[in-house]
Each structure stands twice: as structure tokens, then as C-alpha cells.
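**Q** Would you mind keeping the following structure in view while I ask a few things?
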Number of protein chains: 4
Amino acid sequence: MAAEHILDRVLAGQESIQSWQDELYVHFHRNPELSFVEHETHDRIAEELRAIGVDEIEEHIGGTGLVGVLRNGDGPTILMRADIDALPVQELTGLDYASTAVGTSFDGETSPVMHACGHDVHISALLGAVRLLADHRDAWSGTFVALFQPAEERAGGAMAMVNDDLVGRIPRPDVAFAQHVGPKPAGQVHACIGSAYSRADSIKVTVFGRGGHGSAPHTTVDPAVLAAMIVLRLQTIVSRETRPGEFAVVTVGRLQVGTKVNIISDRAVLDVNVRSYDDDVHARLLAAIERIVRAECEASGSPTEPTFEYYDRFPVTVNDVEVTERVRSAFASAFGDHYVEDLPTTGSEDFSEIPKAFEIPYCYWNVGGVDRETYRDAKKRGVLASEIAGNHSPFFAPVMHPTLQAATKTIVVVALDWLGTEA
Amino acid sequence: MAAEHILDRVLAGQESIQSWQDELYVHFHRNPELSFVEHETHDRIAEELRAIGVDEIEEHIGGTGLVGVLRNGDGPTILMRADIDALPVQELTGLDYASTAVGTSFDGETSPVMHACGHDVHISALLGAVRLLADHRDAWSGTFVALFQPAEERAGGAMAMVNDDLVGRIPRPDVAFAQHVGPKPAGQVHACIGSAYSRADSIKVTVFGRGGHGSAPHTTVDPAVLAAMIVLRLQTIVSRETRPGEFAVVTVGRLQVGTKVNIISDRAVLDVNVRSYDDDVHARLLAAIERIVRAECEASGSPTEPTFEYYDRFPVTVNDVEVTERVRSAFASAFGDHYVEDLPTTGSEDFSEIPKAFEIPYCYWNVGGVDRETYRDAKKRGVLASEIAGNHSPFFAPVMHPTLQAATKTIVVVALDWLGTEA
Amino acid sequence: MAAEHILDRVLAGQESIQSWQDELYVHFHRNPELSFVEHETHDRIAEELRAIGVDEIEEHIGGTGLVGVLRNGDGPTILMRADIDALPVQELTGLDYASTAVGTSFDGETSPVMHACGHDVHISALLGAVRLLADHRDAWSGTFVALFQPAEERAGGAMAMVNDDLVGRIPRPDVAFAQHVGPKPAGQVHACIGSAYSRADSIKVTVFGRGGHGSAPHTTVDPAVLAAMIVLRLQTIVSRETRPGEFAVVTVGRLQVGTKVNIISDRAVLDVNVRSYDDDVHARLLAAIERIVRAECEASGSPTEPTFEYYDRFPVTVNDVEVTERVRSAFASAFGDHYVEDLPTTGSEDFSEIPKAFEIPYCYWNVGGVDRETYRDAKKRGVLASEIAGNHSPFFAPVMHPTLQAATKTIVVVALDWLGTEA
Amino acid sequence: MAAEHILDRVLAGQESIQSWQDELYVHFHRNPELSFVEHETHDRIAEELRAIGVDEIEEHIGGTGLVGVLRNGDGPTILMRADIDALPVQELTGLDYASTAVGTSFDGETSPVMHACGHDVHISALLGAVRLLADHRDAWSGTFVALFQPAEERAGGAMAMVNDDLVGRIPRPDVAFAQHVGPKPAGQVHACIGSAYSRADSIKVTVFGRGGHGSAPHTTVDPAVLAAMIVLRLQTIVSRETRPGEFAVVTVGRLQVGTKVNIISDRAVLDVNVRSYDDDVHARLLAAIERIVRAECEASGSPTEPTFEYYDRFPVTVNDVEVTERVRSAFASAFGDHYVEDLPTTGSEDFSEIPKAFEIPYCYWNVGGVDRETYRDAKKRGVLASEIAGNHSPFFAPVMHPTLQAATKTIVVVALDWLGTEA
């Protein structure tokens, strides 16, 4: 029996698990939890892994992380990772199962919460794949490690698991995988060779003015004006200081000045997100930000030095050439036209900390989540960017089908390519 | 016996009430309450008025406003107003009796609270003056109305009292007075003829971008950039569109964009405070703001029209010429060198709604609150603006003495000038 | 015979000189000359003074300045000054007699030239008044000094005359006068007590980038971006650092970056004009400009310190109280409704250097130049600012009548008030 | 005899032509001429071609363009192009032979002139190669066309030659070549496959304010402020509206506002240079510029629509894969370590119009011009960008040796690879 036949046989099981998987997805979507406080999510995943009957469950690795292991005789060990946290975004999708959750982050901020990055797809797909593999132990041989990682959005989840002795607590994999859902046609998959996700740093910049009454600006140093100058100056790092065509992003994601309209505040806080593929470029971006902020403070006559707090620091994600070529070949065969070649995404990921801890190669791929018809139509009308909501948007809403099936299938395809018993 | 003698006699009582008044001041300073929710402040004032033995108390006018009346035979009726609300500011004065209060505003926002505008001085001074006048009924004849107004900071308190039938519920005054403490030498007083406080409007401007992932700016319309352009453009209304020397202020007191560093938000909110003395100028300021905001939204390719919500609208405060000349003359005689002539303040006040409701003239004066030595030294070193905290600053800290005595004395001086029995 | 009668008698002569004066005006308007190079203007004025028959002419004081003296018996000596230079502006008025002149400035720049500030009105009015006074020597007694000053626009003309021994070369006046035409209704006059014209400084600011190819911004420091940041930052000096209602102007009148679209230049030049009435304010404006420019250069990573060249420095013009009250009273009587009280102008003048050299008081007044109907209509429609061209505009076009008559009459009124023989 | 031997033999002639070639280079460097007016350059090239003894000279193609042809029996025809115009830049290199020329452009602007883009290297190298090939006719067979093109810097020179019947006036080539000198180590060469030079457009943007006196900004619409806002907004096209990593450049190379410090002008002129490799990106850049400019004019209350004049439009330069691989292989063999692979340049070129007219493939390569020691040292100290002047800089100064030899050698290497008689 050829590999294709095994794959077909295992995938045939998708139909029977669909209502269970849909329900799981809706559950996670309705009950999103912020980074590092995914307590109920952790427990529900553990419960499902137990119901599926995995051979081992290792809970509470790095707080809310956990791992399920299917041991199935000799053969390689592969690891698939799903991230499980949600974002402080108020859902505006209008879906039946839209989130109305409000949560408090580990550092004390309360906000609406939404799976605006699709991690609910990742969880549901990985649980689905585990169930299919558990149901078809005859089709493969080796060890399959399903890793559910917390706090990807805050960059710390992977390291939290590593620092909590991940390497000592789970079987050592030969290779690691992860995937992400995004604003491409549902069912479509692609995997980049080399740089797949950018390096990223976040900086909380606090600049100081001198507070006072809104009617007496001359007695103050206005932090709103200072912050505005900084935001515009920061634009020139990419537009003027970076080689045209070099990947570099400087985003002010959050900007907070003042509490009351007629009080001029004594400070402004800018949260700046910086991305690149190249280390030298990265160093120059960070230096330029500090130079600009300091000089703009001087231009305002700021009475106090600005402060810079670095956080959420993501490594660059570089897919292994050999592993990725094997993944691409498996996808090309299994997905046909739906396998495409595409640009690396602009985002960042901390997944690579996990294979780095094991010193093993990895591949990170992408799956689409937009209704195909809708996508085709928006593309034809040239409104992809404006009408198709991307990750982190309050409108981000993967269509359930065939997104879940495809995201489950990718895992099964790769697992059987590495572990399949027949060729 | 001459007027001076009466005044001296009444003011001689200040010494005996000092410890009571200091304690009152510290109490109010430690227990600040936000606009419209000054419940405990209201109750404590009522309690003190009862203890003093005023002839009438009218409580809960416009929610948390109240009035105490001293009726003392024939003669004019004069009204003195003190405002009683505090601000959402976190106190940084380091005083023993600094506020650590946290409060929730009537519209649901929770924040630290501080008497950063000195209304605690106003309350304590008015209660002190009422006590002195009650203790020396032989020195004057007529009616003294002590009005405690809520929510001056939100511009609505005076109108709330007026709308709650203030005119029908208290004796009709012939003239009305109010005062404010500010960053001038303690003990110093001044009163402007004509425009004393500016007209003010606040506008909550919401502009819309298109949200998305921080790493994919090209799929978004970045509201942080849009807000920054608006803040800078707004500066040009005063610098380029207003006649040099014309009073005009456009302050962005609050600016909020986004919740998370790697999410580009779909909107920015700017709270803009606008002030002028002149009505035409005011109309042009408001028109310019709307023009600029709309055009900047277009420049950004904003997908949605901006919105403008007007609130906290203050009238202009114009001191009556005749009344103010009489006040100035009484001050000159009673305060000597400490009476000065000064520029109108740049701030705004809703006090004038009260005399307007009675169709009577009014005078609003100012008293200093800064230690004289400190002030003199800062002036000599040319650092007044940087070292002397103004109203609404988290460092605003009137020295207790002689600020309270002087603020009490102003009321007594004016009361006896209008109501004194000897001349 | 009363003073009114003398005045009426002298002014009756206006009719007979009108065609001569109109022709003079058209001549000067058509033949404008730039500051310090008003050679033909000088010669034509001298020729006219000779034709009128003044008693003395002193030519070439400070280059192209000159003075005509009418000596007429005992009595006070008064000085009236007219400035004679034009501007590097291309006239767009469409008038029959519009200037098409091109001239070269004393520092070597060639440009179109236009009397865009109305100095042609000043010359023609002063020559007209001299002629009327010369024709009616029986109506007055004393000495009338007509001073024609070069280079007012470059601030150096008055000092050039003073430095060329003006004091030693002309009769010593008891009082000095000057006037300016502006965008008010023709025939209207006003005179401010106290500050009448602002102090002004001009600064040539040169900031340095690093030049390079337009396609390689990352190898350069872009001076266009640097200059733009500076222009916007400078707006905040007036909008945020100056007390609301305090007179202060910071204008970037000229901004030059680069020569070719695909070359990033190595510098930008900003010509900045700064005005105030108050000396402290002035010092703070200049300090703020230097602080901002230096810090913005640092923010850009500029390789070289910026340079600041100060030029065209104008003193503040402060009308003497006593003299001005006398002028106002004469105007009120002679102009009736057309005498108004108005705000000081925002402009600057070097005239005061002349009375300062003689240590005498002075008054500087204003006359209107806009067709009354046009003005009234524009005011009604609220389009004064947009439809009525101000001084220095390429569209600035005083209507010949009654502008010339009124500007001539002001001089005669003041001269007879000081020198008239009957009362 | 192998190809290497032929090449060595021909290149051996470099020594004997060196002093002639150096002198030529110095001559052209000292006598730069602006685009379309390279009259003396044209004549001197023609004179040299005659002295060398080429078989045909076709002069005045497209004004100041010309072609020299070496016919040498059967074989392919290849075309090598050198561009010959200089730039309006004032040379600051301090070289002995620095240009002090001043010239007037075809559209009437006078300015200093400099070979700041190294076209003098291109001319001298091509003349050198023609001389070597003419001296060694036994080493090759076929036709060599040396084309000297005017006005590359203004984008119009290649089209001017094409429009002047270039195709009909010279032998039809099978393939075309061109080269450029830049800020890389002298002697180094590289050739990109595919996109080698960007598409470029220049736009003269005129925006309108309302002029007036510098002291009366409220009567004007200030074009300096408007221009500054536009310059900053334009930065966001690359920083926010373009996919990170996509090649896009928006440079404001020239910005002109006003003529005199105390006149607010009625307009600003911005010359904007736009570059990309991708057509869709290009369309979006142009649309964004127009959107931003129009909206900023509205924000300023501009009285008149802005105007956009497009000029100097360069096509994208895409090197033919097959031809370029052959060139790279020839370079690798002839230059050894000095042949490197590098990124495409960010600049633009109109050369491709010529092969496009003949419908033939082409390759455009780059040679370095910086002293190797200097380059190595600057690189080690991390100051390449700041210390090594790039093209169009007033400090751009290729070292004569080995730059000229290497630039000559590239042509000989490619010519013999296509036309060499032995292999």
C-alpha cells in the first residue's frame, strides 16, 4: 500500500471527528485567555488529550503549557507545537460564537479578550490530528509529541517552557514543526525556506514633559506634542535610514498621553514594535529609536531623561532547508493546487526557542483561513488589504471550513511523511 | 468706629479658628472626590455649617451642591461660591497629608484622585469666613450666602445647580463672588476687570484607521501616525491661523491609541481643549480643528469619518467693572503690598452661570498659594515655570499658611465692604 | 480764523496737485527699487523737492537717503519720514501700471521687484504734503523736515542714515512722525498709544545633512526631512511655549533644500522671522529656536553643527503717549468717522532709530488703502482675510483715491497742529 | 591559443594607453556639461574616435549623442554604451583636477557642474576599450558598436537617440551592454541577474498657500508649514503603506518656499523622486503621493488645487538571465576575487530604452571606484556610509587607478567573450 493510501485512510477519519472538532473550536473561540493565564484552556486541552487516550500527558510546563505524547513503537520522534493564548482585542466579527470575554493580563491590565490571531485554530487542529493519529496507530510508527505553548503573543511562552525543564520532561524530538493561520484562501498552505518570521523587539518608551493646566501651555512641556514628533520621526527610520528593499518595521502600537482634557500630563508612553530579519539592521533600528527619542526630548526641553524598557523579544525564525524541502514536497503532493509558494510573513514567533533548546531543525508553515470565494472576489476588485481582516484585527475571522480540516491535514501529512509505515 | 476697626476685629478671630480650619483643610485634601460624586464632601460641609450655626442649609442642589445662609437683619444679600470637586490626578507632592484616594468618576472611569486644583482651599476658606461672620454678627447686617458648587472641573456643576432650581431655593443675591488659588505668592490677591477667565470647550475627537498586525503596516491605516499628524497640525491653528497676541489655546490633553504593542489599532482618541476670550476667535478655532481632523483622515486614507463630541463647555468669565473696582479698592486697603494687578488667568470657570441665572453682576478674584520665600527665590533664578507647580499638576501644593488665612480674609474683606455696619 | 479754517484752506490745494501726485505715484509704482539701491528713486525725489522749492536738500545720507527742509520762521521743528524701498515680489495685481521691473539686490540676488508694501504711497504723500506746505507758508511757522529713508525692508536704512551723521546734517527736530498704508478702508486712519510695531529679528538657519543619490536615502542624512521637522517644531514655540495672548510670531519665510530631484542635498536653509513686543519674550523665542534646531539636527544624526546668522534686526516701535494723544485728537477732529481706534499692527519698523538718534518722542500712524465698498462687502461676507491682499502680497494694490489724499492729509493735519499759526 | 591568452594579449596594451586615458579622464572631469548640452564632450569624443581610427562615426544622434563602429569581419554585433552628461553639483572633492565649471541647463537654470556620477569614467573606459580593440583586430571578429549617450540624468537621452532614428543609423546589435561606477572597492565588478535598476519617476508638486506679510500669519495660508507636513506625510508611504521588504523610495530632492524672510509666499514647490521595481507598487506610490498632497492642502485651507508635473521617467532595468550569466562567468574568470555578487543598486537608468528599441537582450554591470585600502578601513570602522561618498555627492571621487583600468577591462572581457576569435 502506497503512502498516499495511508494518508487517504487516516484523513478519511476527518469526517467523523468534524462535529467534535467544530465544537472544540467554538469553545476555544468563545473562551479566549490572555498570555500566561490560559488556565482553563490548559485544563480543557488536558481533558481532551485524556479523552483521546494519549500515552503521556505532561501538564503545567512553564505555567500553562502542556504536552501530550503518542508513543507508537520504533521510529523517529517529531514535535508539533500549537500556541494557545489570545489577545486584548474586542471582537467585532459579528459571529454567533464571537467572544465577549473580558480578562486580566498577568501584569494586571483588564481588557476584552479575543482569539484575534487564530490560536484557537491551532489548538483545534493539533487536537484533531492527535485524535486521527491515535485512531490510526497502524498507519505509523514512532513518537508524536503534541506541544501546547502558552504566551506566544508576549514572546515569553516558549522560553517559559524551556526554562521549566522542557528538555528533561518530554521525549527528545528529531525535528519540530509549527503552523499559523492567516489571511489567505482557506485550504491553502505554504512553507518558506530560510527566514520565515522576523526578529522582533518591543520597547516601552516613556518620555517626560512637565504637567500643568491645559490653559497654560507655556508653564508646561507638552508630552502630546513631544510624542507626536517622535511618532513622525520614527517613520523616517524605515523611509530614510534603511536600505530600500530591506525588511524593517517600526510600529507604534500603543500611545498614551494624559488622563483629562484640561490637564497637560507630565509624560507620554509609546509602545514601539521593531522587526527585521537581519541582525545589523536590527541593531541600527534600535539605535535610531533611542537617538530620535532622546533628541526629541531635548527639542521639547524635557526635564527628565526618557526611559526604554525592552520586552516581548522574539528571535528570528529560520526554517531548515532540508526539512522544509521535505515538507514542501509532502504538501505539494497532498494539497496539489492548494500548495503555493509565497513570501515570508512579516510577523514574529518564539516557537524557535523550542527546537533551539533541543538543538534540532525545524519548519514553520502557514495555512489560509479566508473563504475562497470572498478572497477571489476581493482580489479581483483590488481590495484584499482593505476588506480581508488580518491577524490581530478585531474582524479576524477564519471560516471554520475548510480551515480546520486543512490545518489538521497539514499535521497529518507531515507526521505520516516522517512516521508513515508504508511507502 | 471705622470700617478698618470692624475688619480688624473680625479678622482677629482667625487665630482661634486656625487649628479647626487646618484640620478641615487636611481632611478635604486627604479625601478628594471627583466631579458630581462629592458625596462625603457634601455631607462634611453640611455638618460643619450646622456646627457653625448658619440660619438655613439647603442641601443636594444639583446633586452634591449645597448652600448655607447667614441671615443678619436688613441690608444687601451677597453670594460667595466655593467649588468642591477634585481631579483624576495621582498626587506626587510628598506631603504628609497627600491623597492616596482612588475614585470612580460619574461616567465610570477609575483613577487616583487629588485636589490638584486647590478646591480644598476654597471650601476651607469659605467655611472659615462663614464661621467668622457667624461669630461677629454685630459687625455686619444683611444676608451672606455661602454656596458650595460641585463639578466645576467638568463644567457642569454650576448649571446642575441652576437647573435644580437654585434661583427658587436660596435668597436672591445682589452680587456674587468667587475666588481661586494659584501659583502666586501666598497671601497675594488680585482681581481683573473684564475678561477674567476664558471661554472653553472640550472635544473628544475619534479618528479611524484600519487595525491589523504590527508587522504588516501596509494592510492597515495606522491611527498612531494619523493622530501624530493631527496633534502637530493643531499647533498651527494658534501659531499660524490666529492673530498674534490674540488669546487662543488648543491643547490635546489626552491622546489614546491602541492597547498592545504589536497590534495596530483601528482608532485614536484625542481629547482637545479649546480656549479664547473672543467669540469669533472661538468659532474659528473650532472650525479649524474640524477642517484639520477631516483632512488628515483623508490624507491617511481613513476608512470612516471622524467623530466630534463636545463636552465640558465653559462660558467666558467677565468681571463687572463697578463691582470689581470696589473689590480692588477694598483689597488694596486690606492687603496693602499684597494686593497686586495681574494678567487674567488663562483658565476657565463655570461660576458665571450662577450670577447669570440671577442676572446679577459678579467678581472673581485670585489668591496665591506658594511659599513666598520659595517664590522669590525661583523668580530670581528664572525658574518660576519649571519649579513652581501650577494648578492640575500632581505636584500642586499650596502652603497651608498664610494661604488659608489670606483666602479667608478676602471673603471677610469683601463681605464687610458690602455688609459692614460702620464706615 | 480758527485752526480748522487754516487746515481747510491748505487742504483745498489737494485738488490742484492731484494729477501731479497721481502721476508721481504711478511712476514710483512702475519703477520700484530694492533696499539700498534706490538710486533712481532718490534722484527723482530730489528733483521733485527742487521743483517744489524747498529751502534745503541734503542728498545721499546713508547711501540713497535724502532730506528736504522747509524753513518758515520761528517755531518748532518736526520731522516726517517716508520709506522708499520696494520688495523682491513679482506683481500680480493686474493693474495698468503694474511693475514688470527686475532688480538686483545689494547682496547680489536678482528678482522681480514690486512696491508690495506701499512705500510708493508714502513717498507720494510726503511729497504732496511738502508741496502743500510750501504753497501755504502763511498758514504755519517753524521748520518742516521731510525725510526719505532707504532700506526699511532690510532694517538697515534708518541706521545707515544715522551712521552717516544724520544728526549733524539736518535741523534738529522736536518730534518725529511716520506713517504706513495697509489693508484697511481707504481714508481711514488710526494711531496706537504705546507698542505700535513689534521688535523683529531674522535668522538664516543652515542645517546640514549628508548628500547622496536620491535612490539611496540610507547612505544620507536627508535635509528635507530635517527641515520639515524643524518647521513643525517651530510652530510649537508660539502654540505651546508662549503665554496665550502674548504677542509672538515665528515665521519661516524662506526654505530651500536641494537643487535636483534625484540628489539628496547636504543642507537646508531656513530663513526665520521672529517678532514680539516684549524683550523677555523675544529672548525666549530666540533661545527656543536655537534649542529646537540643534536638537532636531541631533535627531537626524546631522554630521555638522547648524549655523545661525542674525540679520534685519528691527527695534520695537513705541509711540510716545503725549505726542500720540495729540495726534489722535487732531485726527479725530480732521477725519471724523474715518478716525478709528485699532489694534497695533503685527509688523516691524526701523523708523524709531531716527528719533532715538535725536532723543526725541515720536508717533507712527496707519492709513488704509482698500476701496471702501470692496472692504465693506468683504467684511460682510466674512472674507476679509482671504480677499483683501495684505502688505507684501503680490496682489497688494492700494486704490489711488482716496488713499493718496488721506495719506497726504494726515501729514498736513499733524504739521498744522504743531506748526499752525492760528488757533 | 586559448581565450585567456587573447585577453591577456589585448589587456597588455593597457599600459601603453594609460597616460592618454588618464589625460582624457582629467579633461572630461574638468569640463563637465549638463544633460542635453554636452556639445564639447560630443566633439571631443568624436575627435578621439577619429584619432583611434574607427570605421564609422555617426554624430549628433538625439542632439549630442554619437556612435563609433569598429567593423572587423564576420561575427556578432555587440553594443556598449557610455553615458556622458554631468550634474548641477558644486564639486567639493579638493582634487587637483576638480571641476570649477558653471553651466546652464537646457531649461535655463545656471549652476555649478560636476561629473558627480562618474560618467567621465564611463566615457574614458569606453574610448580606452575601443582603442584596445582597434589595436588588436586580429584578436576578434564581428562588429563593436560604441555608443555615447547624452542626458542619462534627465532620463531623456536614450529616448532622444531612439527617436532620432538610432535603429536606422547604426548596425543592428545582437546584444547590448552598459556599466556604472560606484562606491565599491576599485577594481571590483558585479552584475545582477534580473532587476538591476529601479523604475523611477520625478514629480514637480506645486502647492498653494496665500501670501502675505511675515508678521501676519493669520491673513495667510503658510506654504512652508504645508510643505513640511507633506514631506513628513510622504515618509509614511514607505514606512506604513508599503510591504516591509518591498523596494520603494520616495525622496523629496528639492523643496523651495519663498524668497524673503518676512514675506509668507503663496506657494511651495516640492520635487519628488519615486522608485520601485514592481509596477503595482509604483502605481500605489504615485496614488499615495497625490492623495497625501491633496489632503494636506485641504488641511491647510489651501485656496487652489495643487499641480503635479511628471518628468524624468525611467524604466526598470532588468538584466537578461542568459546574457548576464555569460557575463558573470567571463568576469569570474577574468577578475577572480574581484568579481563579487552583490545587491541590485537602488538607482535608475534609461539605458534599457536602447536594447528595447532593437528588441535585444542586455546586461548592465557595476564597477567600483573607491581606493581599496580606504574602503577596507572604512568598513572595518563601520563608517562606510558616512565616509565613502556615493554617486551624486559633491565629494564623489573615484580613484583613477585601478578604476579606469578595471572599467576598460570589463568591456574588453565581454567584447572578447562574444567576439573573440580563439577559444
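Heads up, the Cβ atoms here are built off N, Cα and C, so glycines get one too.
Quick paste from TrEMBL:
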| type | residues | note |
| --- | --- | --- |
| BINDING | C:Cys117, C:His119, C:Glu153, C:His180 | Mn(2+) binding site |
| DOMAIN | C:202-298 | domain 'Peptidase M20 dimerisation' |
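Context for these features, please: burial, neighbours, distances.
**A** Shown in sequence order, C:Ala82, C:Asp83, C:Ile84, C:Asp85, C:Ala86, C:Glu152 are the residues of the chain, 6+ apart in sequence, with a C-beta less than 8 angstroms from the C-beta of C:His119 (Mn(2+) binding site). DSSP assigns C:His119 (Mn(2+) binding site) to a helix in the three-state reduction.
When DSSP labels each residue, the domain 'Peptidase M20 dimerisation' (C:202-298) comes out as 41 helix, 33 strand, 23 coil, counted as helix, strand and coil in that order.
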**Q** According to DSSP, folded down to helix, strand and coil, what is C:His180 (Mn(2+) binding site)?
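**A** In three-state terms, C:His180 (Mn(2+) binding site) counts as strand.
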**Q** Do any residues at least six apart in sequence from C:Cys117 (Mn(2+) binding site), in the same chain, have a Cβ closer than 8 Å to its Cβ, and if so which, in order?
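**A** In sequence order, C:Ala86, C:Leu87, C:Glu153, C:Asn391, C:His392, C:Phe396 meet the Cβ cut-off.
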**Q** Looking only at the domain 'Peptidase M20 dimerisation' (C:202-298), report the model's average pLDDT.
**A** 95
**Q** Once the DSSP letters are reduced so that anything not helix or strand counts as coil, what is C:Glu153 (Mn(2+) binding site)?
**A** coil
**Q** Tell me which residues of the chain lie with their Cβ under 8 angstroms from that of C:His180 (Mn(2+) binding site), as long as they are six or more apart in sequence?
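**A** Correct list: C:Gly118, C:His122, C:Thr345, C:Gly347, C:Glu349, C:Tyr364, C:Trp365, C:Asn366, C:Val367.
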**Q** Around the Mn(2+) site (C:Cys117, C:His119, C:Glu153, C:His180), what further same-chain residues have their C-beta within 8 angstroms of the site's C-beta centre?
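**A** Sorted by sequence, the hits are C:Asp83, C:Asp85, C:Leu87, C:His115, C:Gly118, C:His122, C:Glu152, C:Asn391.
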**Q** Would you count the other CB atoms within 10 A of the CB of C:Glu153 (Mn(2+) binding site), including those on all shown protein chains?
**A** 24
